[in-house]
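Take a look at the structure below.
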Amino acid sequence: MFYMLGKRRRMSRIMKNGRTVILPMDHGITKPEKGIEKVDRVVEEVQDYIDAVIVHKGVAKRSAVLADIDAALIIHLSASTSLAPDPNDKRIVTSVEKAIALGADAVSIHVNIGSKTEAEQIEKAGTISEICDDYGIPLLAMMYPRGSIDVTTETVRHAARIGYELGADILKVPYVQSFEEVVAVCDIPVVVAGGSKGSEHEFLKRVEDAIAKGAAGVAAGRNVFNSDHPVRIAKALHMIVHGNMHMEEVMEYEGNMVVG
């Protein structure tokens, strides 16, 4: 499937036995959420339970931790802010070449399907996927139905397929109950997004359900770094994704660790 040696080698750092736990900490440009100011501390604490970290270039070049951990480094290329007239208008703020210079194992982009600038975002994604092919570096595409489009099985399925058609190597999409229909439309790894911070119980149940329906893992940021117990949550994700454990088993193993 991944026909180039460079991509295959780098993908193996992200995907372990076909599964992955990714920690996105690229939220600081959008809005400085609680915990985002402690990237190094959070990554150092949870490093045993994650396979990859997503950050922007500014964080990567200043980090004292990212160069010394086993987790893969993914540099995020897209950005917009919550203060903008159109927060869904994602713009490219760095290059694949810069990401490689920073030591990236992969790059990621965010595409908002249904937004006013959907066409421009799709065009950029297509160009970036070709550059990634040239350098043998995997592309993770975060594909979201946004704007006036509701998050439904059909819209998420369509968004995922767009990312696949554009040349992405991994897809990150929102959770829907019929996640198996999303997975079925693409023969590349599809990871479920963690979503906004909420109940630990509900969050972990969503992840468990997505894994049971074919998800290749989870990319969860706010539910980890915004938690009062990030290590506990990261460990639970690792047990569900890599250990095929049910949430009830995780709770029993950890002594009813999930309280929310």
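Positions of Cβ are set from backbone N, Cα and C atoms, glycine also.
Record features (Swiss-Prot):
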type: ACT_SITE; residues: Asp26; note: active site, proton acceptor
type: ACT_SITE; residues: Tyr144; note: active site, proton donor
type: ACT_SITE; residues: Lys172; note: active site, schiff-base intermediate with substrate
type: BINDING; residues: Asp26, His27, Gly28, Ile29, Thr30, Tyr144, Pro145, Arg146, Gly194, Gly195, Gly221, Arg222; note: 1-deoxy-D-threo-hexo-2,5-diulose 6-phosphate binding site
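Overlay of Swiss-Prot annotations on the structure.
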residue: Asp26; record: active site, proton acceptor; CB count, 10 Å: 24
residue: Gly28; record: 1-deoxy-D-threo-hexo-2,5-diulose 6-phosphate binding site; CB count, 10 Å: 17
residue: Thr30; record: 1-deoxy-D-threo-hexo-2,5-diulose 6-phosphate binding site; CB count, 10 Å: 17
residue: Tyr144; record: active site, proton donor; CB count, 10 Å: 22
residue: Pro145; record: 1-deoxy-D-threo-hexo-2,5-diulose 6-phosphate binding site; CB count, 10 Å: 22
residue: Lys172; record: active site, schiff-base intermediate with substrate; CB count, 10 Å: 26
residue: Gly194; record: 1-deoxy-D-threo-hexo-2,5-diulose 6-phosphate binding site; CB count, 10 Å: 26
residue: Gly221; record: 1-deoxy-D-threo-hexo-2,5-diulose 6-phosphate binding site; CB count, 10 Å: 24
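Reported as a whole number, the C-alpha separation between Pro145 (1-deoxy-D-threo-hexo-2,5-diulose 6-phosphate binding site) and the residue listed as 'active site, schiff-base intermediate with substrate' equals 12 Å. In the three-state DSSP assignment, the secondary structure recorded for Tyr144 (active site, proton donor) is strand.
Take the Cα of Tyr144 (active site, proton donor) and measure to each of the recorded positions Asp26, Thr30, Lys172, Gly221: the nearest one is Lys172. Taking Cα separation as the measure, Asp26 (active site, proton acceptor) is nearest to Gly221 of the recorded positions Lys172, Gly194, Gly221. Between the CA atoms of Gly221 (1-deoxy-D-threo-hexo-2,5-diulose 6-phosphate binding site) and the residue listed as 'active site, schiff-base intermediate with substrate' there is a gap of 12 Å, rounded to the nearest whole number. Farthest C-alpha pair in the 1-deoxy-D-threo-hexo-2,5-diulose 6-phosphate-binding residues Asp26, His27, Gly28, Ile29, Thr30, Tyr144, Pro145, Arg146, Gly194, Gly195, Gly221, Arg222: 21 Å apart.
Distance noted between the C-alpha atoms of Lys172 (active site, schiff-base intermediate with substrate) and Gly194 (1-deoxy-D-threo-hexo-2,5-diulose 6-phosphate binding site) is 10 Å.
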